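What TrEMBL annotates here:
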COMPBIAS  1-28  compositional bias 'Low complexity'
REGION    1-94  region 'Disordered'
COMPBIAS  71-90  compositional bias 'Polar residues'
DOMAIN    113-355  domain 'ABC transporter'
TRANSMEM  460-481  transmembrane segment
TRANSMEM  493-514  transmembrane segment
TRANSMEM  534-557  transmembrane segment
TRANSMEM  569-592  transmembrane segment
TRANSMEM  598-617  transmembrane segment
TRANSMEM  688-710  transmembrane segment
Amino acid sequence: MEEIQSQSDLYRSSSSSASSPTSRVPSSHFFYVRKPGSLRQPISFEDSPEWEDTDGDARMEDEAGGGDSINDATTTPNTPSLSKLNSGSMASPPVLDGGGAGTVVRKIAGASIAWKDLTVTMKGKRRYSDKVVKSSNGYAFPGTMTVIMGPAKSGKSTLLRALAGRLPPSAKMYGEVFVNGSKSHMPYGSYGFVERETQLIGSLTVREFLYYSALLQLPGFLCQKRSVVEDAIQAMSLSDYANKLIGGHCYMKGLRSGERRRVSIARELVMRPHILFIDEPLYHLDSVSALLMMVTLKKLASMGCTLVFTIYQSSTEVFGLFDRICLLSNGNTLFFGETLACLQHFSNAGFPCPIMQSPSDHFLRAINTDFDRIIAMCKNWQDDNGDFSAVNMDTAVAIRTLEATYKSSADAASVETMIFRLTEREGTQLKSKGKAGAATRVAVLTWRSLLVMSREWKYYWLRLILYMILTLCIGTLYSGLGHSLSSVATRVAAVFVFVSFASLLGIAGIPSLLKEIKIYRSEVSNQHSGAFVFLLGQFLGSIPFLFLMAISSSLVFYFMVGLRDDFSLLMYFVLNFFMCLLVNEGLMLSIACIWRDVYWSTLTLVSVHVIMMLAAGHFRIRNALPKPVWTYPFAYISFHTYSIQGLLENEYLGEVFAVGEVRSISGFEAIRGNYQISPDTNSKWRNMLVLLAMAFVYRLIVYVLLRFGLNKNVSGRLLLCHRNN
């Protein structure tokens, strides 16, 4: 304790610009100090999306009393009773919308949430301990913003995920989480969770994106879904961007990062959740966008929603908008309570906030151990004011001091008292809001895929152009072959080059498929989609574009090379090549699901296609291939083999070639030395069925990967991406 006291005295003497809380907090020129009378007691809202215009403002101001500190919340007689707090029987004050004075905005029914002795362990997450979050206590009320703040690797996101019930399988949670006084699990639609990085569909407008999200999430009629979409757009201040493409188009710029972040939050608002969890709402935002985001969230909280989110650092203006703060460092709770009470807590511990410094900067400076390395490197540097750092205390000592001060403070006791009051009686149970049916989701995903594919020129239109260029090159290279016996070998080569190279060019669709998988991961994490409906919707949506590529390429190749002039043979050629594209699409989707990376997916597909081309029977006839490896399994799993064999059987079976003037041979005998085909006329249809079966098998593999592989680890993989939290 002598060390802590000496270090505290050293800090006090070095911070000449710091003043005591009694002289600093009431100062009116501090932006983060609230005006008198603006602090209100926490309130809850009725469990109904519809609200009447009441005189709640006056009643809330009367109940507000003199402050909103934790001590006041637990001792003042004006505090709402627990029955009102948990049952949602209190009226909501009307909120004015920007559209005009007196406009009543539809409310969101909030819910109280409290956590007690919450500990999360994760093996290998911490260097010296598996405990990522240690005995955390706290609560959040409807109509308020509760922020979880701390440096990197402090456990912010882990605590947020624990409260939302979204921890990965590798994590274990101890302790209790109460929602409206009950330990029951939050059902579907009762809460929303916004990831730090959310995948949006750039080729849709904001209104279209939110509308399709509403169709995927909500049951009911279309008019009701349009209404909630408009409410979400208004709530997140996106009216000016509602008809703008998210990702832009051609030379038109898309939405900026701030607007994109608000769109991702609006997607969760279409469910009108009671509680909204947001991981880093200010991630990658500049100061202006950050302030606009927090003002928008403050407006959303005033509508009744319970907001809990993480944040790394904020400006003074943003800090003034917070209601409560949970300060973490290395999983330990250093403070929980009102934002102004946090300033008082730091002052009591010997770390008063300097007048010209942002509170959040001051908090993180005191508890972030990374500053120790900077000071160690720059310990010999001096500036005009003396020392390089304004805080001379070792952050490890500061953390221990703050933690010890908080545990013995009245703030910690007030938190425990409030949690006891919130949990001693169960309130209104949250109910599931229902889901859209599987058939509806398939129809929505199919139509959305058609719309996205038609607008995304890199998706299929670029591939169509590449296919036409390739077909024209092959057609001009092999044009004018005639129908003589001497042209058989060249015609076989033309068919082989057409099928093999066209399949290889399909790899250009890998980036678009990876984008679809990312969108699926984003939607399935919030139960907006499923493996089966995603796969079926993607399959049905891709059929028109694949058939367009098949028929356009086949017609050009068929007539330029000069194949047999028969309509039925032409239709088989088109269907065969269409099946080949379907199989190739399934193969690309399965490889993309395995790697989820453009480079490795492309490299793997190129290697697979090269092996399939070598085993297709053109470079060496199939019955002459080495039995192990090349015949079994490469020749039998190569879809090039069945496609080329079917096309050649379609072309040569039933054909007769004259040898001299008196002798003729069948097409089967003519091609036998160049490619192995079957003399059975029904063989080409069997090859077609094999291609259809392969297309089904590849998509079955994708389903297994999505359902049992990707879904199982999606939360764990997303958490591993945020290890610096």
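Positions of Cβ are set from backbone N, Cα and C atoms, glycine also.
Within its own chain, the transmembrane segment (460-481) is flanked in space by residues 453, 487, 490-491, 493-494, 497-498, 501-502, 505-506, 508-509, 542, 545-546, 548-549, 552-553, 556-557, 560-562, which lie at least six positions past its ends and keep a Cβ under 8 Å from the stretch. When Cβ distances are compared across the two stretches, the transmembrane segment (598-617) makes no contact with the transmembrane segment (534-557), since fewer than 3 pairs at least 6 residues apart fall below 8 angstroms. Here the transmembrane segment (688-710) touches the transmembrane segment (534-557). Their Cβ atoms form 3 or more pairs under 8 Å, with each pair 6 or more residues apart. Long-range contacts of the transmembrane segment (493-514) within its own chain (CB-CB distance under 8 A, at least 6 residues past either end) are made by residues 456, 458-460, 462-463, 466-467, 470-471, 474, 477-478, 481, 553, 557, 561, 577, 580-581, 584-585, 588-589, 592, 596-598, 601-602, 605-606, 609, 612-613, 616, 618, 639-640, 643-644, 647-648, 651.
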